[in-house]
């Protein structure tokens with residue numbers, strides 16, 4: 001009981017601290033912008049710990065974060081193997097193939113108005129469909145290895161990326177294209193000098209959206225069959241053994257991988273599109 | 001609109017043609033085994049040898065024995081007409097003629113696809129409502145409280161980069177062990193997936209009135225409540241609908257994935273069952289049902305969007 005009271009007190013203290021920081025004199029500073037969400041996150045985790053221990057929540061329902069951290073630390077080699085299997089082999093290879101194929105298709109479509117008008121509505125439609133549903137079919141075709149996961153990821157990332165790239169390629173204004181025409185620029189010169197740079201913000205938007213989709217595809221596909229490693233496999237088998245701490249450790253791994261993956265693409269975007277309005281400092 | 005239809009039909013026809021062609025190499029092993037049993041000579045003659053031969057080589061070596069490619073019982077890739085037949089059998093035929101169908105028993109057959117689609121639809125809709133409601137509430141809170149914005153918003157953005165679906169089986173099993181089962185666990189996952197697009201979109205939308213409009217509210221000495229009800233919420237409508245379209249699609253994915261761990265019906269359960277028993281046509285039929293469901297849901301929100309924006313005088 002005291003632990004639960006302590007949790008409530010901690011919540012009040014954390015919130016008050018954040019309120020004073022956020023409304024205080026230093027509210028525009030970088031440090032405060034970093035500190036406030038951190039304090040909020042730490043408060044939540046501390047409350048989770050105190051409440052699960054205070055109310056004796058069975059670990060098969062919700063293990064305390066300290067247990068999860070210990071499990072994570074103890075199983076690092078296994079989780080690393082899962083990471084390699086799911087993220088590097090399944091998600092990353094599918095991500096590269098899918099986005100590459102979508103990019104090439106977009107270039108192809110771009111040359112033909114007929115194809116653009118035919119494929120674009122279809123692409124928009126497909127981008128809204130629950131494509132994860134193809135996972136059982138693809139697992140049946142490509143086996144339990146990483147290839148089937150990569151195939152699911154390819155299908156999941158292809159259409160959002162296609163739609164974004166096509167939108168990006170039509171981003172230039174008539175004036176700019178006319179200028180290229182007066183320079184007697186060929187199609188490929190116009191593409192590399194004008195249209196691809198103009199499309200970059202859209203392409204990166206597609207790349208960022210598809211990072212999460214790639215991980216979701218790779219993990220869900222493992223629920224339908226996988227070798228004896230991989231994050232999706234770990235999650236589904238550990239649930240069967242009611243080892244919730246390990247499930248959470250696998251989820252933490254997936255979350256860290258997802259955030260790092262997204263961060264990496266955003267970093268690339270910052271480097272590549274520093275000139276774009278959305279990247280400039282105000 | 002008419003500008004798009006001929007190319008779209010062309011592309012779709014091309015895709016179906018490709019599908020029919022792809023059926024042949026995908027199913028060639030089974031087709032040749034059946035042909036061999038029927039007494040046709042195939043090269044190479046034994047199944048073991050054929051297993052090690054490439055699909056294309058088999059197709060071109062046995063062009064005379066491929067007749068059954070499109071009518072196998074358990075094909076690796078069913079032909080489009082087989083999928084349509086399965087769809088018909090498990091919807092119209094099952095309901096009209098089946099022992100447990102709508103016509104005989106007065107309720108949807110538990111073996112039919114419509115029953116499962118309805119289960120998924122219920123979870124999707126409930127989750128979507130919960131997620132959207134909470135999302136709008138949180139967005140209103142974020143816009144009005146600086147502390148809330150600074151504490152919650154970064155986490156809302158980070159959470160977008162996390163494969164949340166990984167949590168699905170755990171949520172189901174945990175809620176199941178607490179005694180909650182049926183619709184709610186799946187709806188929780190749907191709500192979770194549809195929650196963040198709505199928060200992010202609505203925060204943008206509630207902030208969309210420019211300073212001129214906000215100044216006007218100040219000169220009217222409007223209260224915070226009036227500002228919200230008369231300026232911010234109406235101004236956020238286009239943003240709301242844009243996020244709702246994303247949210248409903250995410251919600252459907254959540255419901256389908258939520259149905260995988262507990263086999264209590266729904267399109268996700270149907271897919272998994274099909275994958276266990278090698279009923280490919282059943283998986284494809286469930287997949288097409290899910291696609292149709294997604295299309296109808298997104299279309300319905302689009303229609304609501306057009307009608308609302310038109311009434312509000314905001315349509316382009």
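Heads up, the Cβ atoms here are built off N, Cα and C, so glycines get one too.
Those TrEMBL annotations? Automatic predictions, nothing curated.
Here TrEMBL flags B:113-305 as domain 'ABC transmembrane type-1'.
The transmembrane segment feature in TrEMBL is assigned to B:117-143 (among others).
Beyond its flanks by at least six residues, the transmembrane segment (B:155-177) meets 138, 184-186, 188-189, 192-193, 196, 199-200, 253-254, 257-258, 260-262 of its own chain at Cβ-Cβ distances under 8 Å. For B:155-177 (among others), the entry in TrEMBL reads transmembrane segment.
According to TrEMBL, the feature transmembrane segment maps to B:183-203 (among others). Residues 122-124, 126-128, 130-132, 134-136, 138-140, 142-143, 149, 153, 156-157, 159-160, 164-165, 167-168, 171-172, 175-176, 236, 239-240, 242-244, 246-248, 250-255, 257-259, 262, 266 of the same chain lie 6 or more positions beyond the ends of the transmembrane segment (B:183-203) yet place their CB under 8 Å from a CB of it.
As annotated by TrEMBL, transmembrane segment applies to B:239-262 (among others). Same-chain neighbours of the transmembrane segment (B:239-262): 119-120, 123-124, 127-128, 131-132, 135-136, 165, 168-169, 171-173, 176, 181, 185-195, 197-198, 200-202, 204-205, 208, 268-269, 271-272, 290, 293-294, 297-298, 301-302, 304-305, 308-309, counting only residues six or more beyond its ends whose CB sits under 8 Å from a CB of the stretch.
Taken from TrEMBL, the feature transmembrane segment applies to B:282-304 (among others).
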Checking distant contacts: for the transmembrane segment (B:117-143), what same-chain residues at least six beyond its ends satisfy Cβ-Cβ under 8 A?
108, 149, 152-153, 156, 183-184, 186-199, 201-203, 205-207, 228, 232, 240, 243-244, 247-248, 251-252, 254-256, 258-259, 265-268, 289-290, 293, 297
